[in-house]
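A.B. asks: My questions all concern the structure below.
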């Protein structure tokens, strides 16, 4: 009885707000609050594009409308207990974020209201009381709100015009961006609908916007992870190398999750199959090889605890060998005497194997690793004297 009363009271409240907004619009008193209420009507119709365009025009003509929208959105989203209203509020915010540049006044006002607690996307206190399966709708709304909370912080996942350089500052910036994109991809995967929400039309409409944004994120991620892999053995510090490996290791695990998530979305008919990017999956064997090599690459060479790169130690050892053997004449692997014409081919083969193993034992420290890059089909060498793409 209590649940039925809550549903009836919530429906009456939402329809009253919508009727008031329509009457105010007819009387010429249309403002940002009325547009928000009309755009987030508690029905099964999708969010109309005209409300998005109206708000964008108001933001361009009158900058104070950006603050009015932030306050109106906080009231509308914070007070509703209808999943339809909450979902349309988040869809409206998502569309506006996508259409606004990073340095816009709209984003600035949104960040100010989030910082002072007026808008709370994460943690989100929304709880649905208007459906037969309130738990499934509540989980989806909260997951979607958390995704938008991270998107509104910074938008560094957008594509850049040129490739990054190899400076330490650029490597640090790429690491930071990759960590942000990985966090966004985690939030996208968490938005997977469950229960009755999987077949809901409004939920599928929201999933299309979420999935298409993830396509852009993953495209930028693939380009930056290749750059990270190529520079992993030239990191200036041990901590940078460990951070880069952690990002690459998480990328291997996340690729499997993202592949399964995209496969589920294709089965549910979310976006066209031709829109999905190819997910490059990193083999676990490569991660294990990288981990073993990095553990052996950074070793303590003196009592002070300073880390020395193996590339510099290889160069110094090679220089010493060249200095000691500079005047020596290179000997052949197989020595044949003129008087040993009766030696059989088995003895010659045995002599060649013994001599080859003796020559290789002097250079046992000259080891290096070649890592297969699944993103461009090339091998990446750890030796700085060799080109990256072999």
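All positions are counted from 1 along the displayed chain.
Note that Cβ sites are derived from N, Cα and C of the backbone, with glycine treated the same way.
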A.B. asks: State the residue range annotated as region 'Disordered' by TrEMBL; the candidates are 303-343, 344-384.
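C.D. replies: When 303-343, 344-384 are checked in TrEMBL, region 'Disordered' belongs to 303-343.
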A.B. asks: Could you give me three numbers for the domain 'ENTH' (24-162), the DSSP helix, strand and coil residue counts?
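C.D. replies: Residue counts in helix, strand and coil order: 88 helix, 0 strand, 51 coil.
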